[in-house]
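All remarks here apply to the structure that follows.
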Amino acid sequence: MAGSSLACCLLGLLALTSACYIQNCPLGGKRAVLDLDVRTCLPCGPGGKGRCFGPSICCGDELGCFVGTAEALRCREENYLPSPCQSGQKPCGSGGRCAAAGICCSPDGCHADPACDPEAAFSQH
């Protein structure tokens, strides 16, 4: 009797708690992400002129980057969308993409990167 009560309690707790890593898994599991088409991330910032680069990062060529501000609040919605997204065109840094002139962003943060500076590409060394 104690064993079945314990099993019922565990099943009840499991039903009441939902870990985000289970909710965010794509259909077919984690590895199925590789088979999906990558879409452009949500627009954000003033006038929707930026793109989300992480859950609290909004960047645009005309805007620069907003990190952890009200302009980046919309980027939290990406966590609830089932398909992966990608912003920026050129890869940079360690798993990042060029977000604005001279700025490389990944979902974890942003840093200055000369590879993302369009003027540096045309300068002579």
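Start at 1 and count along the chain as shown; that gives each residue its number.
From the backbone N, Cα and C atoms, a Cβ is placed for every residue, glycine too.
What Swiss-Prot lists as signal peptide is 1-19.
Feature annotation from Swiss-Prot assigns disulfide bond to C20-C25 (among others).
According to Swiss-Prot, the feature glycine amide maps to G28, an assignment based on experimental evidence.
Look at Swiss-Prot and you will find C41-C85 (among others) tagged as disulfide bond, backed by similarity to another entry. The Cβ of C41 (disulfide bond) has 22 neighbouring Cβ atoms from other residues within 10 Å, across all protein chains displayed.
Positions annotated as disulfide bond by Swiss-Prot, on the basis of similarity to another entry: C44-C58 (among others). Contacts of C58 (disulfide bond) defined by a Cβ separation under 8 A and a same-chain sequence distance of 6+ are given as C44, G45, G50, R51, C52, C65, F66, T69, E71, A72, R74, C75, in order along the sequence.
If you look up Swiss-Prot, you'll see C52-C75 (among others) marked as disulfide bond, on the strength of similarity to another entry. In the three-state DSSP scheme, C75 (disulfide bond) is classed as helix.
The feature disulfide bond is assigned by Swiss-Prot to C59-C65 (among others), with similarity to another entry given as support.
What Swiss-Prot lists as disulfide bond is C92-C104 (among others). Within the same chain, residues at least 6 positions away in sequence whose Cβ sits under 8 Å from that of C92 (disulfide bond) are C98, C104, D113, A115, C116.
For C116 (disulfide bond), the Cβ neighbour count at a 10 Å cut-off comes to 25, with all displayed protein chains included. Under the DSSP three-state reduction, C116 (disulfide bond) is assigned to helix. What Swiss-Prot lists as disulfide bond is C98-C116 (among others).
The disulfide bond annotation in Swiss-Prot covers C105-C110 (among others), and the record cites similarity to another entry as its basis. The Cβ of C105 (disulfide bond) has 28 other Cβ atoms within 10 Å, all protein chains considered.
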Which of C44, C52, C110, the listed disulfide-bonded residues, has fewest other Cβ atoms within 10 Å: C110
Largest tally of Cβ atoms lying within 10 Å of a Cβ, found at which of the disulfide-bonded residues C59, C65, C75, C98: C59
Residue with minimal Cβ packing [other Cβ atoms within 10 Å] among the disulfide-bonded residues C85, C104: C85
C59 (disulfide bond) and C110 (disulfide bond), distance between Cα atoms, whole Å: 10
